[in-house]
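As given in TrEMBL:
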type: ACT_SITE; residues: Thr114; note: active site, nucleophile
type: BINDING; residues: Arg142, Ile143, Gly144, Asp145, Thr165, Gly166, Asp167, Gly168; note: substrate binding site
Amino acid sequence: MCAAVGALEDDPLFNAGRGAALTLQGTVELDASIMTGDGQAGAVAVVDRARSPIRVARHVMEATPHVLLASPDDALVEAAGVELMDPDYFVTEARRRQLERILADEEAPLTHGTVGAVARDSAGRIVAGMSTGGISKQLRGRIGDTPIIGAGTWARDGVVGISCTGDGEAFIQGAVAHDVFARMAYGGQSVAEAASSTFAAECDTRGSTGGLIAATGDGSVLLCHNSAMMLAAFSQDGETVTWV
Ligand code: ASP
């Protein structure tokens, strides 16, 4: 899971790691989280030097007594085995131009996006994780749903692993990832029923858009979104299926 998310963090085309969306001040502030289905979790927020925030989140989970660290210090990033970069490394020319367009035109749509992955092994163990630069023009210090366990990410062995993308404030207000899990675990809904009920109740009612990927304890996978588009891929036994 971390290898998949880490590759997307390195790819400047995605809103995570290098190529992330820029804050109002033109800087990058990255968020990431990981949760394993046995109930462990780690997350980081407002990261500006770690090349791979998802790997720092994993380190928080595995090597500290904490769940969420904001502005993790350089020593912790190095202890995680993650390269420290100059903050300029994350800022691409395309994102600079995009921010200029957004600042010049009040009506210009804000850009956002998150990269995420959910994995289930043959023993049914599940892990979910995600990484993002947030929303373009966001205020300094703004933290979205990505590092908030239960909002953007959730995993429970035997039930489901979920990784979300979309309007982070609504995903926090609606505890979206946990709400999908709860509808399945306590309400007996299928993952598809649960995800569409959660989107209707928590996102549509707020006028918010987004999507999620999920893998269930019994091996099914789901892509659900109320946004115009969402890209995802699914791989099992060496065969890969791409959803657009
Ligand atoms: N959920 C992310 C955030 O609010 C952005 C996105 O996924 O589109 O930071």
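First residue shown is number 1, and so on along the chain.
Placed from the backbone N, Cα and C atoms, the Cβ positions cover glycine too.
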*Thr114 (active site, nucleophile) and Ile143 (substrate binding site), distance between Cα atoms, whole Å*: 13
_Residues Arg142, Ile143, Gly144, Asp145, Thr165, Gly166, Asp167, Gly168 binding substrate per the record - widest CA separation, whole Å_ = 16
*For Gly168 (substrate binding site), name the DSSP secondary structure in the helix/strand/coil scheme.*
helix
*When a 10 Å sphere is centred on the Cβ of Gly168 (substrate binding site), how many other Cβ atoms does it contain?*
28
*What's the CA to CA span in angstrom from Arg142 (substrate binding site) over to Thr114 (active site, nucleophile)?*
15
*Find the shortest Cα-Cα separation between Thr114 (active site, nucleophile) and the binding-site residues Asp145, Gly166, Asp167, Gly168, and name the residue that gives it.*
Gly166
_Arg142 (substrate binding site): secondary structure state under DSSP, collapsed to three categories_ = coil
*Among Asp145, Asp167 [binding-site residues], residue with fewest other Cβ within 10 Å*: Asp167
_Structural state of Thr114 (active site, nucleophile), classified by DSSP into three states_ = strand
_Cβ neighbour count within 10 Å of Arg142 (substrate binding site)_ = 17
*When a 10 Å sphere is centred on the Cβ of Gly144 (substrate binding site), how many other Cβ atoms does it contain?*
27
*Counting every protein chain present, what is the number of Cβ atoms, excluding its own, within 10 Å of the Cβ of Thr165 (substrate binding site)?*
28
*Near the Cβ of Thr114 (active site, nucleophile), how many other Cβ atoms are there if near means within 10 Å?*
29
*asked:* Let me check the 10 A CB neighbour count of Gly166 (substrate binding site). How many other CB atoms are there?
replied: 25
